[in-house]
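Here is the structure we will look at, set down as structure tokens.
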């Protein structure tokens, strides 16, 4: 099974790390690094809503974990000058749970629902009129004497976040006036995030040190900040406290995070496909059995970054590794993937 404290997991970790994440989280769009299209659009929408003195349209934010969906929700509330109340889909088990939140909102407030794709159908039904008409339908009594009453709600903004937009029902998705997708970050933006976080934490970091951490952060700010904290530990114990490129490289190698941001679980998945299934195609269930992992763990945790980086492909016949995987491990490339090239273990993937 995947370790709950996996260093390069994009899922929120221990409470201590979550507290530090909150401390370094930007509060304004001006401080929000990366996602230029999303930032520009949200700045426009927020400015327009403020000018009309209206609540911002309901907003759906989706993308892989750790890219800043919660951060963006908090920024929206901050920029609109309103309060934010946060919850998650699994927590809202009954309509009464949702009603209690909605009836305590002030005009313009933001209700943030993480993992909104996990709302139960009965709760989702209550949410529809609340989103569309700012009304809450409540059943009073039981049996033949039961009756429905409508409560007016102040205009509010629902911000929903999900890693699996495809699991949202069409009626719920259609009620969001603003839909934003967050993409993996490039190394330059991640290096800026690392440098900013280091400054907030009072750390001395060289640009090359920030770039080394960013390079191995899998395009994810949450992972970049987690790696920064572990490199800080290494620098304080085995260095002079400053984070240089050499210190970052030594620390991350010690932590078993390679130059591509892969850890032992990523390498195990790739090598299992190469050694046991001849590079694929292999069905997801067979792969899960070979790795002793759950199917959804492979699909949601391990695969996205490997696919995004071009090491794995999904095909109608199953998963296959690409030539990049063979090059990464210094293995012969099968003829079906191109010329039979043998790479030395210490030769980089670009041949240098």
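All positions are counted from 1 along the displayed chain.
A Cβ is built for glycine as well, from the same backbone N, Cα and C atoms used for every other residue.
Since we're looking at a predicted model, the values are computed, not measured.
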Considering the ADP binding residues 33, 66, 67, 68, 69, 70, 71 given in Swiss-Prot, which of 128, 185 is annotated for that site as well? 185
Among 173, 175, 260, which is the one Swiss-Prot gives for the ATP site where 24, 25, 66, 69, 70, 71, 132, 133, 134, 222 also bind? 175
Nearest to residue 68 (ADP binding site) in three-dimensional space, by Cα, is which of the binding-site residues 132, 222, 314? 222
Rounded to a whole number, how many Å is the Cα of residue 33 (ADP binding site) away from the Cα of residue 66 (ATP binding site)? 14
Within 10 A of the CB of residue 185 (ADP binding site), the number of other CB atoms across every chain shown is 25
Tally of residues which DSSP labels helix, strand or coil - the region 'Head domain (RuvB-H)' (259-352): 46 helix, 9 strand, 39 coil
